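Taken from TrEMBL as is:
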- S11, S12, G13, K14, S15, T16, R119: ATP binding site (BINDING)
- S15: Mg(2+) binding site (BINDING)
- D33, R57, G79, R140: substrate binding site (BINDING)
Amino acid sequence: MKNIFLIGMPSSGKSTLGKRVADTLHYRFVDTDKLIVREEGRSIAEIFAESGEAYFREAERRVLRTIRPGGNLVVSTGGGMPCFHDNMAYINSTGVSVFLDVPVDVLVQRITAHGQEDRPLNNAADPKLAEVLRTRHESRLPIYTQAHIIISGETTEEEILQRVGKYL
Ligand SMILES: Nc1ncnc2c1ncn2[C@@H]1O[C@H](COP(=O)(O)OP(=O)(O)OP(=O)(O)O)[C@@H](O)[C@H]1O
Ligand SMILES: O=C(O)C1=C[C@@H](O)[C@@H](O)[C@H](O)C1
Ligand SMILES: [Mg+2]
């Protein structure tokens, strides 16, 4: 039994699909953004504004290291988590990683449609949102593509289950 980590850009569906995969497999579900918010007693936007991004990235590093191999967990990571410290190496040694590679145009549509008030680095009101996301996607790809499994395009819970099953 292995942990399953979902990684990818903001709004790629890590939290939504991660919960569904966990329910189907009867695994526990962990969302690292939510763990940090609970631990800190404040929103991600507040953490960034009051303590800065470096503080948030350190909290991510710490929370990630509470996850041990073989925990039967589905972990939805924060969008930037794999790209800081040596988090991607830790993820890959602690479970199976799945990169949800959703096109940036789709991310923009989702963020604009649903609003993401608590996401300081992808603000729906930013007129340059598409440009910002495109640049970030490109710079993060070398890390995201270290995942064991890469699923390109909009995906489903079934596809994730099938690809993980085949990989294992
Ligand atoms: N496969 C999908 N098809 C259509 N909409 C989706 C899909 N997955 C997620 N969404 C929608 O996109 C939005 C963002 O999804 P979600 O919160 O799961 O992304 P995330 O990767 O966890 O983002 P973040 O990094 O900001 O936490 C939600 O409103 C969700 O309903
Ligand atoms: O892409 C990012 O760097 C982020 C994504 C979110 O999940 C949050 O972890 C936070 O808003 C930062
Ligand atoms: Mg999420």
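Using the three backbone atoms N, Cα and C, a Cβ is placed for every residue, glycine included.
Unlike curated entries, TrEMBL annotations are predicted automatically.
On the structure: features taken from TrEMBL.
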| residue | record | contacts (Cβ under 8 Å, 6+ apart) |
| --- | --- | --- |
| S12 | ATP binding site | G79, L100, D101, V102, L107 |
| K14 | ATP binding site | L6, I7, G8, D31, S76, T77, G79, L100 |
| S15 | ATP binding site | D31, D33, S76 |
| T16 | ATP binding site | none |
| R57 | substrate binding site | G80, F84, H85 |
| R119 | ATP binding site | P10, I44, A45, I111 |
| R140 | substrate binding site | M9, G80, P82, C83 |
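Following the DSSP three-state reduction, the secondary structure of G79 (substrate binding site) is coil. For ligand 3, the neighbouring binding-site residues among S11, G13, K14 are K14, by Cβ distance under 6 Å.
Each residue in G8, P10, L17, S76, G79, L100, R110 lies on the same chain as S11, S12, G13, K14, S15, T16, R119 and has a C-beta within 8 Å of the C-beta centroid of that ATP site, without being one of the site residues. Listed in sequence order, the binding-site residues among S15, T16, R119, R140 whose CB lies under 6 angstroms from an atom of ligand 2 come out as R119.
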